[in-house]
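Trainee: For reference, the structure I am asking about is given below.
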């Protein structure tokens with residue numbers, strides 16, 4: 001099993017790196033400024049050969065411009081706070097002084113997280129009483145997130161933490177406890193609390209991880225049905241780990257910037273919400289403009305497949321009640337991405353969702369599934385070329 005996954009993983013990554021290396025030029029050359037700035041001293045020059053250095057330079061596009069800057073320099077300005085600190089601080093902990101070494105290290109760690117996510121999905125699939133763990137893992141390797149899972153974006157670490165949360169959660173819950181009115185009970189207290197810790201850490205890596213907390217709201221509702229005070233308290237404690245992380249993050253932002261900024265006087269003074277709205281044009285239907293039609297077209301296959309997966313897995317609920325929290329979480333991400341956020345990010349931020357891989361695995365023998373897999377493979381490489389040229393989608 002491990003060798004089959006690793007073999008495809010290496011093949012896909014090598015092809016992507018080859019495309020990046022041989023891509024002729026970049027549409028936007030602004031990333032050269034950060035390269036010149038961060039590698040200006042002799043101690044920050046590249047120690048690596050021309051192939052590795054060229055690939056590293058071409059991977060500094062879109063959000064990677066910010067990540068590579070923040071791996072070396074502190075977060076100072078409001079707009080930088082949309083990049084949650086967890087992934088950045090992990091690289092900073094390594095205390096790497098050379099810019100190129102920091103970038104290469106972050107890429108290697110990111111890819112290790114990608115492969116660890118694939119392995120975790122394999123075990124999660126088995127935990128959900130499904131028989132296609134290997135197929136699901138292979139499908140995650142060719143995820144439409146593509147080259148974003150090869151560069152040093154935060155998606156891979158977030159995906160790994162999300163899947164570890166799901167795995168520890170499902171190992172800690174009995175969904176067939178006939179003694180309880182909700183048929184649901186906690187069987188492993190430590191595992192359940194650990195799932196909450198993974199959830200909270202994930203929020204420090206990607207802010208949309210806050211939506212994962214809905215899983216503990218479901219639990220609270222079910223345990224109230226059970227009239228089990230101990231399990232009610234456990235669900236509140238575990239969910240509160242995420243809530244306290246969210247609260248402390250906002251308190252830190254307030255102490256750092258307030259009262260001098262306009263958002264400090266809001267009813268709920270959130271720097272992240274302000275920065276997303278003010279600097280990144282995030283808000284209800286704000287992205288629904290004619291100039292963004294190409295981004296809607298680029299994300300349409302992923303959007304359609306996510307919606308189809310939600311419907312397909314909803315039909316599976318009578319046979320597998322465990323799916324409900326995953327359906328709700330995936331649905332919230334799709335709604336947020338479609339109506340509130342920059343829609344093209346759905347290409348990468350839905351890569352955590354087991355539902356899309358399970359739906360494809362369920363229907364593997366159907367003709368449309370072969371077309372879907374073909375699309376994933378082709379899109380991986382087309383997107384890599386676009387990424388290397390600093391072209392959308394971001």
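Note: Cβ is positioned from N, Cα and C throughout, glycine not excepted.
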Trainee: Of the residue ranges 83-103, 104-124, which one carries the transmembrane segment annotation in Swiss-Prot?
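Mentor: Going through 83-103, 104-124 one by one, Swiss-Prot gives transmembrane segment for 104-124.
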Trainee: With a Cβ cut-off under 8 Å, give me the same-chain residues at least six positions beyond the ends of the transmembrane segment (132-152) that come close to it.
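Mentor: For the transmembrane segment (132-152), the far contacts come to 1, 4-5, 8-9, 12-13, 16-17, 20, 59, 64, 67-68, 103, 106-107, 109-111, 114, 117-119, 121-123, 125-126, 159, 301-302, 347-348, 350-351, 354, 357-358, 360-362, 364, 373, 375-377, 379-381, 383-384, 387-388.
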Trainee: Does the transmembrane segment (2-22) reach the transmembrane segment (232-252), going by 3 or more CB pairs under 8 Å (6 or more apart in sequence)?
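Mentor: By the criterion, they do not touch.
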